[in-house]
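Enquirer: Before I ask anything, here is the structure I am working with.
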Amino acid sequence: MRWTSFFHHQPNFFSLFCFQASKGCLFLLFLFIPLFFLPYSLDVLEVSKQTLATILILPAVLFWIGSILLERKIIWRHQTSHLLAVLFFLTTIIAAILSQGGFLSWIGTSAQEYTSVFSFGLFFLLFLLLTQLGHEIAFVKNLLFACIFSSFLTATIGCFQLFGWFVLPFDFARTPLFNFIGSLNAFGIFLAVTCTLGNGFLLFQDREPNLISKNWMGWVENLLALFLSIFTIVSLLAIHYWILWIILLLGHTVLLFFTFIHAKEIFIHGRTFIFMLVCAISFFFLFFPSPLHINLPIETTLSTKTSWDIVQKSLKTFSSSFGSGPGTFLFDSTRFRPVELNTTSFWNVAFDRGSSHFLTLLATLGIIPCILLFFFILVLVGNTISLVAYKHSNWSIQIILLSAWTGIILSGILYPSNFTLSFLFVILAGLLSANMTEKYISVSFAKRPHIVLTIFFVFILLSIGTTTIFFVFIQRYQAEIAFTNSIRLQQKKNDTEEVLHHLDLAINLNRHNDTYHRVLAQTLLLRLKEYIESFKNKSIGEGEQTHIQSLTAASIQAAIQATELDPLNAANWHVRGIVYQELIPFIDKAEIFSITAFKQEAILAPTDPTVQTELGKTYLALAENLHPLTAAEDETIRKDTETKMYTALEQAVIAFQTALDLKKDFAPAHYELAIAFEREGRLDDAIGKMESVLQYHPEDVGAAFQLGLLYLRRGNPKDLERARQTFEHTIILVPSFSNARWFLASIYEREGNISAAIEQIQKVLELNPDDPLIKTRLNHLKIGKQETQIPAVLSSTP
């Protein structure tokens, strides 16, 4: 047979193979998405699940198109919901185009994969595929029981985790908080929805015989649904969050409602007792406390009011139609969070999603996509109710699907989402749509070779595109592994060169992730400090100087690249400001670049006191850098330098006071403001500020030490005693604090307590046995030669 005969014959075997392969991919998807995780990245859940969905959904679509090509016939089941799904996906693309989110909006990172354009595309393809393949009851049953089996395993292991029975051999999993879904509340929502599915099968299996297998597998399927209900109730009792009980109650209430409507067609049997018992338990514990008392931490989320305020400001600032961009709620919350949040213990918590999935989408996607999503839900619910009312041939399976879907819809209104919950929403919607209508368009092109050739060409292009996406995603995950290795090495305080090696590898594999560049900039800066420190008592040669310059340039370039990749991320501007701040003594005009970066960060995070504090520290560093020039012989240079220095100090004071206006108990701002006052010669103000730092944080060793020095500098009556008490408090906190003992010895010496002074210097010498200055001072004390001046700070030790 010639190759061209492909366009004139119908190879049924291969078309059937492709069709079944597409179904097989969907079955594996339903089975593994809830369970799947990979332990090689920092986020072991979201990126892993997105990767698995890519590996299974795209081939499923290709196999389906291949079966159409081989059959030379397409049967398309169409509905209004399809058009709404298309429009919703197109509007998410528009939102990403208008956004500056970059990689975050298009692909997703930092647990925002579920709201990326790519994930929306996967969900869109999955929905369309299910509407075309999910009209057979037997196949639907297989898909849903794959999901129920997966949910049973998820519930079992998650329940064990809650009670401290850790069955997974990973360090990160040795906590009651870990499960396969996400947060504890997300875990509870997933179980509440899938429990509704399982009990729906138990309730309607006599009405729809194909719902349960006829052999021993039927017993297994019933037991799975039963134990899923048991583990769901136990898990919800352990978590005991009102939203979970409402979702479970709503799903079962919908089941109960349609059971009463179709009471004549439904057999009442012993399995109905399980369904009624779950209803009663969920209603009871909605109002009463749980008998299980497990010390689980409460999840921190934004309030609905705060989330709504952020949504309003985001839509007003960006685009009301298309929001700030997919996955960018973290930037919205950082920019528009209320200053009152600084009075709580959550002032520095980053919120990457709103109080509900709906508010998160409204802020990031805008009004138009959310309206389309609303009508999508409305159309599916309305059509399903109409179908059930007229007793369509598949009305019982529709009741089961609708009951579970109402639960996941309610969860989106009351609680944030993640990849697994979004996946659950899509598969239930797809199966609802698939069993909703028998209308279809059948087009045969067996006698139209040019159409076959066109479809074949499209199939080849899609195959190439899928292969490319696979390659990109493999590289992306390899980059995640390399980045994770670098972070773990940093946590173990390994050699920074090894850390840099893994970071370079991560960036070479994925240059579009701003987080990699941000961490690289910080690590290069740390390496630069270490390298310069290694030449403390040595001369720096030409080769070493070149290496220092290359490290400096690389750190700056990495920081700049991070801000260019994601200019909306305040953290990127923060690191850029820090890098330039540290390089003020070495690079001309570094202070200008640092100030510019922190001012840009202040626009993106106006209520964060850390930003103003770092801005003030930059002005302080500038003043410190100018100070040596105030001793210049040229009077013009000296006066000009003094003016610039005091201007910088004034700007530093303003920045620190602004930080304290944002958060009155922010100790770093109090501390730095005291330093600024001291540089201006305002010792009384400096001491007052440093005392307030210790009032808020009595264990702040650095503040205690600085306060002792300020007391010594001021020299008022009783200041010597205050300094002694402060240094004594310091060495109680940190016995190895050599400089605190060094100055405490000086105070003892001035008070005439020579033996105590000798004791302190001896301990300092034990900590620094090679320091000649300490040895000299100890010898002077032993022979009775006392110092009348306050000694300088030891530079070789803390």
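Cβ from N, Cα, C; glycine included.
Taken from TrEMBL, the feature repeat 'TPR' applies to 667-700, 738-771. According to TrEMBL, the transmembrane segment annotation covers 12-38, 50-70, 82-108, 114-131, 143-168, 180-204, 242-261, 273-294, 358-383, 395-415, 421-438, 450-474 (among others).
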Enquirer: Looking only at the repeat 'TPR' (738-771), report the model's average pLDDT.
Expert: 89
Enquirer: Looking at the stretches 50-70, 82-108, 143-168, 180-204, which one shares the most CB pairs under 8 Å with the transmembrane segment (358-383)?
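Expert: It is 82-108, which has the most Cβ pairs under 8 Å.
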Enquirer: Could you tell me what the rest of the chain brings near the transmembrane segment (395-415), counting residues at least six beyond its ends with Cβ under 8 Å?
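Expert: For the transmembrane segment (395-415), the far contacts come to 137, 140, 144, 185-186, 189, 192-194, 196-197, 200-201, 203-204, 207-208, 211, 243, 246-248, 250-252, 254-255, 258, 262, 355-358, 377, 380-381, 384-385, 387-388, 421, 424-425, 428-429, 431-432, 435-436.
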Enquirer: Taking pairs 6 or more apart in sequence, does the count of Cβ pairs under 8 Å between the transmembrane segment (143-168) and the transmembrane segment (50-70) hit 3 or more?
Expert: no
Enquirer: What are the DSSP helix, strand and coil residue counts for the repeat 'TPR' (667-700)?
Expert: 27 helix, 0 strand, 7 coil
Enquirer: Other than its close neighbours in sequence, what residues sit by the transmembrane segment (273-294), given a CB gap under 8 Å and a spacing of at least six beyond its ends?
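Expert: Answer is 162-163, 176, 195, 199, 202-203, 226, 229, 232-234, 236-238, 240, 242, 245-246, 248-249, 252-253, 255-256.
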Enquirer: Which one of these stretches, 82-108, 114-131, 242-261, has the most C-beta pairs shorter than 8 Å to the transmembrane segment (421-438)?
Expert: 114-131
